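One structure is given here, and the rest of the page talks about it.
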Amino acid sequence: MKYLEIAVEVESCFTETVADIFWEFNTGGVSIEDPLLLWQYINAQIWDAYEFPDSVLKAERATVRAYFPLTENINTLLSQINERLKSLGIPFNLYFQEVDEESWANSWKKYFKPVEVGEFLIKPTWEKLPSGKEDKKIIEIDPGMAFGTGTHVTTALVLEALPKYVSPGKVVVDVGTGSGILAIASALLGAEKIYALDIDPVAVKVARENISINRLEDKITVIENDLLHGFNQTVDVIIANIIAAVIKELALDAYEKLATGGIFIGSGIIVEREKEVMDKLLEVGFKIIERKNSGGWCLLVARKE
């Protein structure tokens, strides 16, 4: 199916206004590329790591894109949107082009192939199981466009470490579960019960779908939750593949929710922040029992003594 992509360049302060106009015309989706907002986040060091093309970071104005089914009324639609934008009395540039649905809705799938990580094989639902891999613990996943494929080095570090710390009978919490991969992996290792927590309702929906695909609903409970706030069970293992700042915020709560001898696995930590995260874990009472670095990222495993 063909779509019309309409792109409007405006000053950053008008991006939400333009997006609202697109929604008025029943767009199928809106994206905003705002260099000013990106630089605010970068300069505030909210992200430990980021990767954006120079064309976005160095742009003088923001770009708001919207997608509409290509129909015979497209010229009327373009004219109406143009007039609506003019009525705002703000400077803007409008561009448009035809695109295939494949190019923006499904093209990412061609790059997501089965990947081995330690004892596991992560397989997208639309791919066949590679021959000779039947002995692997298979994680089937359909992350959708809202989430990564789970094969990032931070996830791989956790998957490689999990078999040492998750075993039959363990109770596990996966904080910031995202697509649910680490919760699923814990279930495949024999954990008795897993709680998959995420503050993002979209993540909760995606995680539940992936858990259903893997037929693990009886073992994994997905909860929309802010970190461990209000979670009052004592558990054996807590996993947090998030970022350094959040792991530091989580440290004391994780320590208190773990049984004696319990394990905390933290990933998503850039190597430059490894020491401060270690210091925080030690401060609240943990003992560091494993450290591993890969590709500029760090995994820390700590035990409650």
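These residue numbers are counts, starting from 1, taken along the chain as shown.
Each Cβ is built from the backbone N, Cα and C atoms, and glycine gets one as well.
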Record says T155, G176, N241 bind S-adenosyl-L-methionine. Source is Swiss-Prot. Which of D100, D198, D218, D279 does it list for that same site? D198
Express in Å, rounded to the nearest integer, the largest CA to CA distance found among the S-adenosyl-L-methionine-binding residues T155, G176, D198, N241 named in the record. 16
Site of maximum Cβ density within 10 Å, from binding-site residues T155, N241: N241
Run through the Cβ atoms and count how many others sit within 10 Å of the one on G176 (S-adenosyl-L-methionine binding site). 22
Same chain, 6+ residues apart, C-beta under 8 Å of the C-beta of D198 (S-adenosyl-L-methionine binding site), given in sequence order: G176, T177, G178, V204, A207, V222, E224, N225
